[in-house]
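Swiss-Prot lists these features:
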ACT_SITE  Asp46  active site, nucleophile
BINDING   Tyr74, Tyr177, Leu198  substrate binding site
Amino acid sequence: MFFHKKRDVHGLLLLDKPQGISSNNALQKVKMLFSAKKAGYIGTLDPLATGMLPICFGECSKFSHYLMESNKKYHVIAKLGEKTSTSDSDGIIIKKRPILINSFKIKSALKELTGLIEQIPPMYSAIKHNGVPLYKYARQGLNIKRSIRKVLIHDISSIHQEKNLIEFKIFCSKGTYVRTLVEDLGEKLGCGAHVIFLRRLEMASYLHSQLVTISYLHKLLRKEKNNNFNFFEKIDNLLMPIDSPVSFLPKVYLFPQQSYNFQLGQTVIFFSDIKNSLVRVIALENNKFIGLGRINTEELLIPYRLVSRSIN
């Protein structure tokens, strides 16, 4: 199975990343199972974290940055009274304090962390300094000055606290570091805190129910060995369309000659009520997505980002 020739695979897989492996490790496992030539993930999850890790195959990667800009939802459990070197349970405990809190103090602290807030990215992160990820400096005991970032915490809900644990769900903008938010919460409560459980539930408009596990892919592989069915055909059916990351954009349809010219990178005349907007361009002859275009005020459709003609 793993000696198959690499394939041209195109589409989006919503992977349910398991705990204990890096996002890149999860990507490589899935890429190998699909025997895919090209694939990349969107939105790094720490080894501790589980949940939604979108993987873009082939031409889908051209549109992946739209997902990078999207909001995300997480389920978080934090342990109070202990601050760690990594702000999660993978690190070592560097400070312990008594937990002297009540429900009012918790709600007040979380309210302060809702809305537009400032965060300093943690040293244990993939952000690069002089081309080197910060976590590599951190492992050497170095502390690099990081710029303050503004992030938007839309909502913190389903709050539950019992003994030294606090649980909640957070809906936030791109670039939010949940570990940093939990550490800041611990400081506001005066006892310290770190993440012991983190799961990404949603990203953009994708739902938790759409996730696919690595174990399920292996189950299909074992089934192929025991039964006569096409493994690749089965797993390719799990992929979402190439234009899935831009599904929020309106569609426009082109006739064959228009479609041909558009795919050559030529501007085409197009009458529409849509003005000054990006649109998904669909070829009428086969109903396939051929790229993104922008309709200007002069009723012209200008190519913006094209799907390779070789797959249409």
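Note: Cβ is positioned from N, Cα and C throughout, glycine not excepted.
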What's the CA to CA span in angstrom from Tyr177 (substrate binding site) over to the residue listed as 'active site, nucleophile'?
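If we compare the Cα positions of Tyr177 (substrate binding site) and the residue listed as 'active site, nucleophile', the gap is 11 Å.
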Which residues, sitting 6 or more apart from Leu198 (substrate binding site) on the same chain, put a CB under 8 Å from its CB?
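Residues satisfying the criterion: Leu45, Asp46, Leu48, Ala49, Thr50, Gly51, Tyr74, His75, Val76, Ile77, Asp88, Val178, Arg179.
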Around the substrate site (Tyr74, Tyr177, Leu198), what further same-chain residues have their C-beta within 8 angstroms of the site's C-beta centre?
Asp46, Ala49, Val76, Ile170, Thr176, Val178, Arg179, Leu181, Val182, Val195, Arg200
Which of these binding-site residues has the least crowded Cβ, counting other Cβ atoms within 10 Å: Tyr74, Tyr177?
Tyr177
